[in-house]
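In what follows, a structure is listed as structure tokens, so that the remarks can point back to it.
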Amino acid sequence: MKAVYAGSFDPVTNGHIDIITRSANVFDEVIVAIATNTSKAPLFTAEEKQVVLESLMYDRQLHNVSVMQLSEGLTVDFAKQHGAEILIRGIRSVKDMEYEMDIESMNKVQNPGVETVFFMADKQYRYLSSSMIKEVAKFGGNLDELVPAEVARLLKEKLQ
């Protein structure tokens, strides 16, 4: 089965990488779709995110994972266009679950043929958010356990 894991990945975190890795072990093919969060100004361009994610997938030998840009439209439509039957969503908390259940319901209205599969965040990553990581990076905090080394380097270049 083919699955899509969409997110803004601004920046990609160790939590994202964990969900991608676990998804790659479950599904035949995983498309990581870089989406635009229209409510936030991105720190990284879609192209920068794609280069980083492709490098991270290569380093981890996740050969069944591809990285694409979802420039506009609904994720559920993107999945259909790319022959995916599954949308992957990561859940960190009860708050995330409530939000994601609403999104799942809306996606079912849009395309009943696409299922949503939820992956619980590993306990070591449940507190991570891209917004929090940007704040830590902005003030020179320790990023070692939060993001891959390549992402930490890029964050420091952008924010310091």
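Any Cβ shown, glycine's included, is placed from N, Cα and C.
Automatic, uncurated: that is what TrEMBL annotation is.
Substrate binding, as stated in TrEMBL, involves Ser8, Thr75, Arg89; the candidate among Lys40, Lys123, Lys134 given for that site is Lys40.
It is 21 Å from the Cα atom of Arg126 (ATP binding site) to that of Lys40 (substrate binding site). Nearest Cα neighbour of Lys40 (substrate binding site) among the listed binding-site residues (Ile91, Leu128, Ser130): Ser130.
Around His16 (ATP binding site), the same-chain residues at least 6 positions away in sequence with a Cβ under 8 Å from its Cβ are Gly7, Phe9, Gly90. Ile91 (ATP binding site) sits 15 Å from Ser8 (substrate binding site), taking the C-alpha atoms as the reference points.
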